[in-house]
Structures are given as structure tokens and as C-alpha cells.
Amino acid sequence: MSKSLVVFTLITLLPFLCYAFSPENPTDRKVLVLLDDFAIKSSHSLFFKSLQSRGFHFDFKLADDPKIALQRYGRYFYDALILFAPTIERFGGSVDSAAILDFVDSGHDLILAADSNASELIREIATECGVDFDEDPAAVVIDHTSYTVSETEGDHTLIASDDLIKSDVIVGSQKIEAPVLFQGIGHTLNPANTLVLKALSASPSAYSANPKSKLSSPPQLTGSAISLVSVIQARNSARILISGSLSLFSNRFFKSGVQKAGSPTKYDKSGNEQFSVELSKWVFHERGHLKAVNVKHHKVGETDEPAMYRINDELEYLVEIYEWSGKAWEPYVADDVQVQFYMMSPYVLKTLSTNNKGLYHTAFKVPDVYGVFQFKVEYQKLGYTTLSLSKQIPVRPFRHNEYERFIPTAYPYYGSAFSMMAGFFIFTIVHLYNK
Amino acid sequence: MARNLVPFLVLLFWISICQAASIFQPISDSHRYAALELFRPTDGVFGSLEETYEVLRTFDILGIQEKPDINAATCKSVSEVLGSSAALKDLFYALNVNGVLKCEIKEEIYESITSRLRTVLNDARSLSEFYYSIGSLLLLKEQSSGVDLSLMDADGIFQSIKALSQSDGRWRYSSNNPESSTYAAGLALEALAGVVSLASSDIDQNMIGTVKNDILKLFDSIEKYDDGALYFEEKVVDAYEHHGPLATTSSVVRGLTAFTAVTSGSLNLPGDTIFGLAKFFLGIGVPGDAKDLFNQIDSLACLDTNRVSIPLILSLPATVLSLTKEDQLKVRVNTVLGSVAPRLTVKIVRAFLSGSKDTSVIEGEELKFDTQTSLHILEAFPKTFDVGNYVFVFEIILHDSEQMDIYATGGRIRVPIYVSGVVKIENAEIAVLDSDLGSIETQKKLDLVGESVVSLSANHLQKLRLLFQLATPQGHGFKPHQAFLKLRHESGVEHIFVVEGSGKQFEIILDFLGLVEKFFYLSGRYDIQLTVGDAVMENSFIRAIGHIDLDLPEAPEKAPRPPLQPVDPYTRYGPKAEISHIFRAPEKRPPKELSLTFLGLTFLPFLGFLIGLLRLGVNLKNFPTSTVPATFAFLFHLSIAAVILLYMFFWLKLDLFTTLKALGILGVFLVFVGHRTLSHLASTSAKLKSA
């Protein structure tokens, strides 16, 4: 009896245990970490610790563990996946690249780190996300002008890059002063893919090649087209971080000082910790995830939403937008949220004004075209989730008795008609009774 | 299959985290900072007593003075554990902690623990029971003076532990658990060492000999990385307690050193094996996990004092040396924990440019020892020493030949060293040539160090030639790894060419006729950029030389299209321009005054009519005089007035339906009274006529 009760409770609780990031239940997130070796858990412990301190629960597994599974009966066990297994050729258990892509397609987040010996499997997953790693397996990113001054690393593959994406929502509002250390392989972004962004780019003098062999033909990747770390936000708001370097997240890089070649400033600590922690906040939706609630519209001076508007009505449109901060929904403040009054093409496009408490508001006059319109908010901003709201509303023309009734211009016509009638009245009397 | 992959992956990983594969740095201050950061007490304690012991042991080995104050709270829990009948494991760690903190424990407690441990030891069946009880007894021996701890039946206990060993040198956890484990072997060796030192009489040397054989067998199963690091790995994955390579190796090292410390006679284990183990522990770097850090530091401390051979670590403070700054080659030799090595000499066996193994630059040179900094220094490079990527082979020679057995030096150590310098860039020029004649159309000198830019123009029948010379500080030719010429079209399409060189001279000729297709027939301005860089070139540069205006023929129909250029993410988003609807303009109307004037004018004919009537002198004499016709006539005109009034209302407010309804009723009435009135008038006028 008690056993069946437990089973029953478990079954009823199951839907709440974990799911992709959802505005309804954004906390308590479970992350699966797949590693080449458990030593990564220790050598990258600062990165994991910062996530754990923000309330994430980790499940560390070897990538070839035969027991790993992402889902069973269509339900996912985890909200996010960290793939710190650059050399893995085949995952254990039921996981393969298609399973990982399905995981992302169902709205889950992914952090993937490759390295100089990245396997075909890891490259394939990255390619599916719009990121093409250098095909030469021996190639690493080399930069002879913006490397890190080091007494022990002489081959200029340890790069100090400070070309970060200019987006406060992705890399945090606090400026990352120190350059970010990078050692690994470079990738390019598919230009046709508009969802993928370069979070950390190489300098114009960088190139991707094997440092041990002479170059006879131009390398495939050169200059600032090389992306070192990229982020992707899918249309379903799943977020992906792809780094060409696993050591970028390591304690060694977090702690080490950095001095960029040719620059006199020496930083005691590289920007890696700040960079990767801030990026992880973005990837795990602690920043830049918007939700819109209480979409309302009504005529000016009224509060109820009408079933339809008449042309030339004055109306008000209101929407509340909040951003998830990792703990709570906080009012989102921006000055570029726009609403469209749309039928085949926008008739009215207006920027909403905000009260800085999340409420956005505007008022405009319904155009003098009737038909079925939509209130559309298509909010796209670098790094933020896309808000796409639409609400249908018909607009009708004037009724027959809603037109103007006494037009001054027509007074002479009225006057002549009535004077005619008065004349007729008098004429009947005179005509009948005159003698 | 999958399991076999793990060591391989581990290997790759280690290589990836320790880039300079053959250089290992001994324990340094970074470990101390890491330890202080990792071990932070919460509420005056470090979690369990096991963790506390690990912290205290690590701090002790690293020689950290400013320990957090945990004595009061920890001593309290130590005496609690010792006073109660806690599990053996807790007892063991409590005694360990007590050994460091020296808490005040009464002798009676020690006595009761001793008697308890003796009973446990007599009935012990599993390895952990042996390990913890013997370990605890050993600790009691150090901590209390009054208790007699010598083991009477040492031979028997030794044999029952030995009974758990397997033929391959590994151990089982208990007699009814068939799985053997390398980790358990470490525990067993430690327990055996404890038995030997607690024994009241000498243990049979034959038995010790077989254990030594077991150790050698165990070392047959050691695993090896490419860089020479050696480690043990647990073969059985599903053991009830899985240990990683670090924990397993650490356990074996502890057991080995404990066992060799208490037994006489040498163990026939090569020094290189110990050196390989040291490499393994140092190769980890600074672990981020408390347990890993303890295992690493504790094992290294064991290796530092072991009786087989003490590894000496050769490390270089810098492997990137600058010729311009006249850096000296410095070598440091330490033990694994960073303490001073015995008197020795470091010798460069040979040094050669990587890629040309046969020609040595330096051969058989001894480094000078500087007593102040305890560094071995190469005073000066030979005169002909040039920039390049060298490999130095070092060898450690101990002064005291007796110490050769005590220390393991790791034989010949290969260290890659980058010697960098300023490369001279000279005679740079860029020219546009006529294709068929090869004559120079325009030629410009370039100053690759300065800022000047050139502007050139060419058509598809011409060529572009770029020349420059690179020379090392010694005046030899220099071939940089990166020598790219980049042409970048206004539309963002880039073309990269490798500038080939022979000796000092570098030259590239771009024949535009052959490149037309590659350039996608895109005419216009191309920015020229030259990048020259190498790992040993201190003045690597990226330089915008200028631009060239290319006049290329029109693209034929089937020419390849230029590739898609990435869209700038910053401009892709952002607010759009506002759109406001343009409303239909209201119709034009005359001013109100004009309408009113015309309204007045429409009344003029009516007024004229009235005046005309008055002039004509109208009268109403024909109005019926009798009451009934007069009433009908009156009603007739009243209803005409009502119809007109109805029209008035129709204009003002009524709609057509109300008006028609009212008009119907009024009309019937009007027809009736009208008929009566008119027929009366007609009969009256007929009478008049007939009269």
C-alpha cells in the first residue's frame, strides 16, 4: 500500500522534476556533465563550483559510461548538458549526436568544449549548430601578435583575446578588463546562419594551422573571421555555447595572470573566470530570457477590451515584459520595444514607452482601413530571447448613422427645400381660398 | 572496448593540460594558495574527521603556517569519537587528527581503545578491518606512552593479510570478495608495514621477500603516458568503491613507501619507475578538488622521503628566451616538494634546432651553479647562436656517486626551448608589372616598419609583385611560419596568399589574369595587408600596406558568385523606423459663412413670393363659412403642415422607417380631409357657376 503510494507520488511529481527552461518553472535545474575523464571535474572545479553556487545540480558522468541516457519515454532527465569530452568518439548508452540535437531541439541548453584533438563526433555536433571547426585535425589557432607573454609557452598558441561580443546581456554588464586566455582550435560561423554569434573572436593576425609544420597553402581560417567561442540561440530559445578550447574553463586559466604581447599592462588574473561564468549565466537563461504577460488593448478612456475597433478609434496598447534574473522575474527596461498594427504589412509601428517597472504602453489611432488587423510585438535583440506576440482584432468602417449629419455646406440645399415647402403650404391656402 | 578507451583519453587529456609535456614544475606557491583557498573551515571545522586529517596533513607537508584555527571544535569531536564506540574508520581518522593537533586525551581512553583494537584485529577478516586497526595501533604508539602496543601474533596477522593477495600483486578486500583491486594493494602494503613495525619479534624474512615480489608484480601492471608518467589504474570498474587513477596510484605509493621504510634490504625497483610516478603526480598541476590535492601532496611527500629512490625534478623557470634581452638559460633542480637537491651538476648533452636533429649547436656543456639563487646557469650562448626552436637535452650528474642509488634523475631530459629575437625586415617594395613584357609600370618602396601606405591601380593584364627580405640577428635567412598577403575587397571578400621565400628573399607575384575567376570578377578597391609572424620572431607584425584599384573584366554569365558574407550582428537587430498611418484627407469644404450666405439667398424667392402675394392683395374670402367644411379645411391644412413638419423631423433626427410609418397615417388622414375639403370647394364653385 505504502509502496504504491510512493510510486503514485513519484509519478505525479515526475513532470515537475525537470524540464527545459520554462517561464513557469525556471529554477532547480539539473545539468548532465559528460567528461573524458573525472580529472576534468577537479581541474575545472572553479567553473563547476560557480554554477553549483547558483543552484545547479550536476550529474558527472564519463562520456562513454554505458548507463548515460538523456531521456526515457520522451521525458528528459536533464535541463542542460555540458560536454567537456572533446576526444570522445562514441558516447556510451543511448546517446549519440542525434540524441543531443534532439535534446537541444526540445529547448535544452548545451555547453560544448572542443580541443586540439577534437573527435569527429564533437565536430559533427558543432557543425549541426552552425559552427565549423577547422577540418585539419592538427590545426590550432596561432597568433603571433596577440599571444600571451609567457616564459614557458613559446609557440604562440596561448592566445590572449579581448575581442568580445559587445552585448551586456551575453557577457555581463561589468566590463571584462583582462584578456581571455584561449588555447585550442578555431571555427568559423556559417554566414547563412543568423542565430549563431561570435562571443570571442580572434585578432586579425590570427590563423589556424599546425604549428609544427610549414605552411605551403593558405590556411582555411584566418583573421577575425575565426571565432574562438560562439553562442547560439535557437528559435525555441535553447542556448548553446561552443568553445574551441576546453582549457578556457580550467582552473589553471582562471587563475593565471595575463599580459598580452606588446601591451605594458599585466593583469594578475585573466578574464576567463568572468567571461565563462557570465557566458554560462546567459546560456543557462539567468539573463536575457524575456517573458511578456498581460497583453491588453482598449479604447482610450475605457478599460475593457472591445471585440472590434472602428476606423479612426483612439486606442491604447499595454504589455508587461519581465526578464529572468536567475532567481526572480524582474522588470525589463528598454526603449526599443515596438508594436505593429498589422494587416499584410504594418499600418502603424510605434515604439512603446515604459514606466521602468515592466509595463510598456502606447496609444495610437486606428487607421482608416478596415479589415482584420493584428497587434504584433516582434522583439528581437542581440542576446535576448525573441518575443513574438500577436493578437488579432477586426476593424470595421463607420455605420450608416455614424457619419456626420448636419453638414454646413449643404445648408443652402436644406434651406431651399424648406422654403419650397413653406411656399407650397402658403400657396395651397392662397390658391384654395382666394376670391 | 569502452573501458580500454579511458586510459587513452586520460592520456590525451593530460597532454592537453600540460602543454610542455616534458617539463614538470615541482610543488610551488601556487599549490599553497590553492590549498588555502580549497580548505576553508565552516564554523571552525573541516567537515568530517577524515577531511580534517587530509587538510592538516596537506598544510603540514606544504609548510603552511597561517592555518585556520580549528583546534577547539575539532578536538571536541576527536575526544567524542575516541570516547565512544565509533566505527573503526572514524577512530582511525580521529587518531590521525589527534596526532597533529595533540588534543588532551586521557590515558584510560587510549587503553580502552587498544583493547578494543586488539579484539578487532583477532577477529579481522576484511582488509579494511586490518588496515584501520593496525593503522590506529600505530598511531596510538606515537601518541601514548603508557600502553603496551606490541603485537604478539604478528606473524599470524601478517599471514592473514597476505592470504588476501592475488597472484598478480593485487589484493582482495575480503576473503569472500573475489575481485582484486590495485587500491586494496596499497592499503594492504600499508597494513603490512604497520604489522612489521608493531611486531614484538622479527617477522619471517621469507614472508617479507614474497611481499616484495608481490610489489614487483604489481608494478608490472603500471600504465604509461607518452611523456613518461606512470600510474596505476583500477581494472575493476564495478568495485563497490571506485577509485580514479590518482587515488589508486596514491594508495600504492603510500603502501610502497611505508613498506620499504620498515623493511631492510633493497627493493629491485628501477629509479625511473619512481621518477615516472613523480611525473604523474606533478603532471596534474594544481587540482581543484580537496581530495585530489591531498592525494597529490601526500603521495609526493611519500616519494620525497622514500627509500627506493628520491626523484629529482629538473625544471626551467623560462623556456622562452629572448636574444635581444640576453636572457640566460637557467635550470633548477629540486625534489618533488621543491626542496633543495644534493650537490650536482647539470649538463647540456646536446642542443639542436628541432627538425634538424643531426647538427648540434651546443654539445656536452656543463652549467654553472649559482649558490645564491640555487640555479644552474648557462653563462652565454655560443657566438653563432641564432633564433629558433631548439631542443635541449639535459642530464643530471650527482657529485656523490653513492647518491646515485638514492636519487632518481630521470636520465636524459629533452626540453623544447624557444629562442626569440628581432628579425630584420629590409628592401620591401611593391610593384605593378605589365604582363607580357614584364616591365615595371609603377614601383613603390615600402617601409614595413613605418605607417606609410601606397595606392596602386592595375587591370587584369597586369601583375602585382611584392618583395621583402627577412634576416635573423645573425644575418641568416629566416623563414617565418606565417607570411600572408591578404587582399580584401570592399564587399568583404578576402583572398589570402602565402608569400614564399628562399633564403632571405621573399617574393610573391600575383598574375591577375589567372586570378580573375578566383576574384569573382569583382573590380574595385582591394586593401592589401601583409602579416609576417613566427613564434621566435619578436617583431611579428600585421600591416596594412595600402590598396590597389583593380579593373577586372565583366563577369560572364556562368561565373561563380562571391560567397555569402556574414551579416553584422549589431545591425541585424535593433528598433525599426516608426510607421504612422497616413489618414485619408477630409474633403474640401467651402467656408461656413459662404454656406450661410447662400442659405440666406435661398430664402429670397420665398420672401419675393410672400411680397408678391401681398401686392396682389390676396384674401381668404373663399374659406368655408359653415362649421363642418371649415373644420375639415382647417384640418386639411394642419395635416399638410404636419407632413412638412414630419419632413423637418426626418431631417433632424428620425430615420426613414419611422418617417414612412408616420407619413402613412398622416397621408390617409390628409387624403380624407383633403377630399372633403376639395369636394366642398368644388360643389361651392359649381353652385356658383350654375347660379
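Cβ from N, Cα, C; glycine included.
The feature signal peptide is assigned by TrEMBL to B:1-20.
Feature annotation from TrEMBL assigns domain 'Ribophorin II N-terminal' to B:27-303.
Annotation comment: TrEMBL describes B:312-419 as domain 'Ribophorin II second'.
What TrEMBL lists as domain 'Ribophorin II third' is B:426-550. Mean predicted confidence for the domain 'Ribophorin II third' (B:426-550): the pLDDT average there is 86.
According to TrEMBL, the feature domain 'Ribophorin II C-terminal' maps to B:583-683.
According to TrEMBL, the transmembrane segment annotation covers B:594-618 (among others).
Residues or ranges marked as transmembrane segment by TrEMBL: B:630-650 (among others).
Listed as Cβ neighbours of the transmembrane segment (B:656-673) (distance under 8 Å, sequence separation of 6 or more from its ends, same chain) are residues 632, 635-636, 639-640, 642-643, 646-647, 649-650. Taken from TrEMBL, the feature transmembrane segment applies to B:656-673 (among others).
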Note = Ranked by Cβ pairs within a distance under 8 Å of the domain 'Ribophorin II second' (B:312-419), the first of B:27-303, B:426-550, B:583-683 is B:27-303
Ask   = By DSSP, what is the split of the domain 'Ribophorin II C-terminal' (B:583-683) into helix, strand and coil residues?
value = 78 helix, 0 strand, 23 coil
Message = For a three-state summary based on DSSP, what are the helix, strand and coil counts in the domain 'Ribophorin II third' (B:426-550)?
response = 4 helix, 76 strand, 45 coil
Inquiry  = I need to check the long-range neighbours of the transmembrane segment (B:630-650): which residues 6 or more away from its ends have a CB within less than 8 Å of a CB in the stretch?
reply    = 623-624, 656, 659, 662-663, 666-667, 669-670, 673-674, 676-677, 680
